[in-house]
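Undergrad: I'd like to ask you about the structure that follows.
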Amino acid sequence: MRSFPYNNTYMMSTTEDYMTQEEDWDRDLLLDPAWEKQQRKTFTAWCNSHLRKAGTQIENIEEDFRNGLKLMLLLEVISGERLPKPDKGKMRFHKIANVNKALDYISSKGVKLVSIGAEEIVDGNLKMTLGMIWTIILRFAIQDISVEETSAKEGLLLWCQRKTAPYRNVNVQNFHISWKDGLALCALIHRHRPDLIDYSKLRKDDPIGNLNTAFEVAEKYLDIPKMLDAEDIVNTPKPDEKAIMTYVSCFYHAFAGAEQAETAANRICKVLAVNQENERLMEEYEKLASELLEWIRRTIPWLENRVAEQTMRAMQQKLEDFRDYRRIHKPPRVQEKCQLEINFNTLQTKLRLSNRPAFMPSEGKMVSDIANAWKGLEQVEKGYEEWLLTEIRRLERLDHLAEKFKQKCSLHESWTTGKEHLLSQKDYETASLMEIRALMRKHEAFESDLAAHQDRVEQIAAIAQELNELDYHDAASVNTRCQGICDQWDNLGTLTQKRRDALERVEKLWETIDQLYLEFAKRAAPFNNWMDGAMEDLQDMFIVHSIEEIQSLITAHDQYKATLPEADKERIAIMGIQNEITKIAQTYGIKLVGVNPYTVLSPQDITNKWEAVKQLVPHRDQMLQEEVARQQANERLRRSFAAQANIIGPWIQTKMEEIGHVSVDITGSLEEQMNNLKQYEQNIINYKSNIDKLEGDHQLIQEALVFDNKHTNYTMEHIRVGWEQLLTTIARTINEVENQILTRDAKGISQEQLNEFRASFNHFDRKRNGMMDPDDFRACLISMGYDLGEVEFARIMTLVDPNNTGVVTFQAFIDFMTRETAETDTAEQVMASFKILASDKSYITVEELRRELPPEQAEYCICRMTKYSGPDASPGALDYISFSSALYGESDL
């Protein structure tokens, strides 16, 4: 319900205008017996309702006012003022004097009396007496009624229409026939006291019953005397308007106090609703902050775990888990962090607009604490990704080296098989001269072969050392095998030297040697070593990361193939020696027994190995071409990623700059800025598919183990960070504009004022980053007419920069410029409202709270109010004064 307070300052002109309408007193109607009867009864009852406060009453309205004494007493009761002392005589002139004093008092209140004289009242003129009483009723009971922009009769009619509008069969248009069926009076009572009348049981065809019900209830429960007769109203075609108005005005005054209490209750409900909403937002912030910080706390140890796996498969699984974290688990948390900042800013704005103290989150849950925790998470996250990629490259290198080590060890061990036994033989002791010379040449060929294998042994040792340096998981077996090869190599060197010494001692005893066998052996051995090296090179594993590297291998292979014709000539020459031996033997009838004494190589060995080399060449070609195709695919991936990244990266930067321009633009309204920002936000959301496609290409690049890209300076990490910053910036900027709209609407700031504030802020925002440092802020305030001392400026800085960040944002600047103009509820206003509900007591009871407030707000107050301990306390008394102060963060007044 809504209360309509009395208008106690009704202007004289209004009174005169209204009374002018009453100057034409309808004397003919007053003579009508029905109307006269209604007015006589109503006015008499109305006068008695006031006179009984003074312990008296009247019986006959035209007789009891003749001496003027009760007339003066009536005016004193209804006005609360003292009239001049009445004359005590009983003579006619005494009575006229008393009546004139009453009429003079009425005139002093701005009432223009028309055709009403003291003599007519003293003479008992009923018509004039009723007119005078009606004038008094108009002035003191009806004139002060004010509803919205109307007053007096129109105000009373509007009040009746408003209160009875929801009721069926009630249509108040006047103060005569609209009241004949009694439903309007019952509706007025039910509207304010539904416990007194069951409106649903009333019937329109029972006007007398309805009227009597209203009269009886009003007299019994509302202290409104019965002023009318139901039969008179029903049986009169048009009931007397003045009688009806007089009676209805009593209802207005009876319910005025209840409406005042209703207004107070509404104010309290509004304040409590704001406080409950703020508490809900605070609890929601605390909950979100706790969950986000707990997630960060649980995630950081996982990212800090740098225990490397021993296999490539396990490390790739770690990388896949990290991608799932980036793609699935982290994005919702980014949104939560952004929403948390938005909720915090909105809550602070609502608290400030409702004149509440700023919200201070629990220790460790400030926005800055969350930002620091998030920064720490991202730093650990970046280090974890770098570590993963480094470990994968290390394991890839280890796998390659381990395989290469095994291959070279196998080749070397295959070559050294039986060599120690061969060098340990003493066959030269029983050999012939030719055999001795053959053994000597054979040993020389072995020494050449041994020297040729020195590089391979050194390579095996170097690979083993690198595997140890890279912390290879099976380094123990590598070291054991390498040590065995080195020990064997040292032993071979010692045995070789001993055998050479022995052969040189007996060489002087033998003089001839077969030069052809020797030449074959000398040429076959290097050629064989060359073929061994060629076969090793053709089967050598390789790892490359670019087209240039594979092209370098192809070039080297082409150069090798270019040497094949010369090698074939050497092979033909060697085979020619063997053919020459066979020809000489055939020519001179020499019978060749056994093999070439100077070498273990046979012509068939050379032929077989040569065929093996020729078969390995196309196989090597195929491997190189496959690697070229793989590197070309990797290059396409690089170029595809670079093409998208070189578009997305500048696009993100451009959008960041455009959002900054929109947020400082003062050419349009805040709603236009909001629409522009919403459009930017939608464009950004629509652009997400490009980011997802780039993520897909990035995943393909990582799966292909491509770790560099010379075609772009943007990495996926740059794009992710830029994208997250863009989402956060647009959300924060929209929130700032929303808060500016809230501030503007709550403070009543015009668009021109906001533009002026923005222009001043932009002028002193020298870095054009939406923030001013303290010196620029001081200069801005001085330019706007503030006379600032150091103490005053320090106080202002605590308001606009409570967290000591060293900068002043535009939102904080707007808050400061509008802070003093707030039209918000205060603790004093809430106390005054509670005082009305408590009937001017210093405390309030549980019953009063539950009667005057809605259940939710009443229970809220009961739970939070402390027990009242004043000297006038009664059982169950609650302290609403300290409660009102606590709502606004103030100490008890």
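Glycine too: its Cβ is placed from the backbone N, Cα and C atoms.
Any TrEMBL annotation is an automated prediction that lacks curation.
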Undergrad: Could you tell me which of the ranges 131-158, 271-298, 523-550, 775-802 is annotated in TrEMBL as coiled coil?
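TA: Based on what TrEMBL states, coiled coil spans 271-298.
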Undergrad: Tell me which range among 26-53, 670-697, 726-753 TrEMBL lists as coiled coil.
TA: 670-697
Undergrad: Would you mind telling me which of 436-470, 856-890 TrEMBL tags as coiled coil?
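TA: My reading of TrEMBL: the coiled coil range is 436-470.
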Undergrad: At a C-beta cut-off of under 8 Å, are there same-chain residues at least 6 beyond the domain 'EF-hand' (752-787) that contact it? List them, or none.
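TA: Same-chain residues near the domain 'EF-hand' (752-787) but 6 or more away: 660, 663-664, 666, 670, 740, 744, 793, 796-797, 800-801, 806-810, 813-814, 817.
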Undergrad: Report the mean pLDDT of the predicted model across the domain 'Calponin-homology (CH)' (150-256), rounded to a whole number.
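TA: Here the predicted model's pLDDT, averaged over the domain 'Calponin-homology (CH)' (150-256), is 89.
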